Amino acid sequence: MHIAEGFLPAPHAIGWTVAAAPFVVHGARAVVREVRERPESTLLLGAAGAFTFVLSAIKLPSVTGSSSHPTGTGAGAVLFRPPVMALLGTVVLLFQALLLAHGGLTTLGANAFAFAVVGPWAGYGAYRLARSLGAGLLPGVFVALALADLATYVTTSLQLALAFPDAAGGFAGAAAKFLGVFALTQVPLAVAEGLLGVLLFRVLTVNARPELERLGLLRPAPLATTEEVR
Amino acid sequence: MTGLAVDDAAWASAWRTRSPLDKLALSAGLVVCALVLPVWPGGVLVALAAVALALGPARVPARTFGRAVRWPLAFVAVGAVTAVVSVDGGGLGWAPDAATRAGELVGHSVAGGAAVLLLATTTPMSDLLPALTRLRVPAAVVEVASVTYRLLFVLLESLRTIREAQTARMGHAGWRRSLRSSGALAAAVLTRSWDRARRLQEGLAGRGMETGLRVLPEARPSSPAFLAATGAGLAALVAVGVVGA
């Protein structure tokens, strides 16, 4: 869930926009450089953006029987790196705001900070850490997607708590409330998104191995020796 | 029909031929008024103005407008209730001025949401994105966003078709199977998006693409009358909103 239009008071809306701006501008620079060097990347990056949007439209079966949607930014962060996701995530948020009335324009900065900055970086950090500890691609993908999903909602909850501190408990009280409503309920969904990622990448390692090798996620398979071929 | 009701409405809207920057100015003005003015009477007037303009001169179907606000309303309801519940010594209670605060939150959100929806239901993204270059967004970024917009519907169509086929084969019977099918679905959509992008790229390279995607821009001149009415209307809103509060 993204913060709806008009929900955040003006100073918070402006503050989060300022906070998210450097990351989005950095991502935009990376995209501009990439497109200048390789004009064909425009189409691949566009496809990545469209995939992120569409991934968030896949219904995730959840344990309680109701269904929810994956955030999709964790997969993007692993595949395309967080700086690019900062821009693509913001574009996706803009589309969600204007095509699905999901999120908003004044809250775009706050939502971008949670969804396109914190989520991808948390997921990518977890992925790198898992890989450096010797985990394989699939466990790495699981922690990346689950953490990116969870980190997004924890950030949203904290943003709301900052904007609406509790009358008695202050920020801490409000954080407990919002985390309980928006983040705790998200834990099963984060696990489900992690599992979805494992299934997604398992299919990709079979069907799209060259692409994964090109993106640096898998080491190129060693060529078979003459002995093995015989 | 593209499958996204708001997008369909934008293409069919009577305001489709107006300059995107004009409509952006109107909606942005209303959004700022919704955020800054007190809910009574400013916010209420913004909401009424946005709905009246959309359903009146822009001729957006009321059904589309009504359905589009359901999602944000769910968030607003949950968020507003959470904001005004107070945790006091382990017990839950209403914060002192709960009703007023909740009313304000809902008022700001509904007014702002209606103002954004006015833009969304009258301006297709493919009109709005080129207008962003005039607001100094780099051309490469606008192009990537435009490709995203155009591929989106192709991928949504794939998504729908594959899911239908999976469901017909009992792929979504039970939690385990459903999750497995969703993974396969995501993978299929991702590889299809790569394939589409590669084929588009090959097609464009064959036609000599070197620097970006050039499309013939549709000339939509800005209307001085529309801008003047926007300015006058917003000024009146601000005046009533400030004096009436």
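Backbone N, Cα and C atoms are what each Cβ position is placed from, and that goes for glycine too.
Since the structure is predicted, the reported quantities are computational estimates derived from the model, not experimental observations.
What TrEMBL says about this one:
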- A:13-31: transmembrane segment (TRANSMEM)
- A:43-60: transmembrane segment (TRANSMEM)
- A:80-101: transmembrane segment (TRANSMEM)
- A:108-127: transmembrane segment (TRANSMEM)
- A:133-153: transmembrane segment (TRANSMEM)
- A:186-204: transmembrane segment (TRANSMEM)
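If you look at the transmembrane segment (A:13-31), the same-chain residues 6 or more away from its ends with a CB under 8 A from one of its CBs are 45, 83-88, 90, 106-110, 112-113, 116-117, 159.
Under 8 Å from some Cβ of the transmembrane segment (A:133-153) lie the Cβ atoms of residues 1, 70-71, 73-75, 77-78, 114-115, 118-120, 122-124, 126-127, 182-183, 186-187, 189-191, 193-198, 200-202, 205, 217-218, all in the same chain and six or more residues away from its ends. A Cβ distance under 8 Å defines the sequence-distant neighbours of the transmembrane segment (A:80-101), meaning residues of its chain 6+ beyond its ends; these are 2, 5, 20, 23-24, 26-28, 30-31, 34, 45, 48-49, 52-53, 56, 72-73, 108, 111-112, 115-117, 119-121, 124, 215. Only residues 6 or more beyond the boundaries of the transmembrane segment (A:108-127), in the same chain, are considered here, and those with a CB under 8 A from a CB of the stretch are 2-3, 8, 12-14, 16-21, 23-24, 71, 73-74, 76-78, 81-82, 85-90, 92-94, 97, 140-141, 143-145, 147-153, 155-156, 159.
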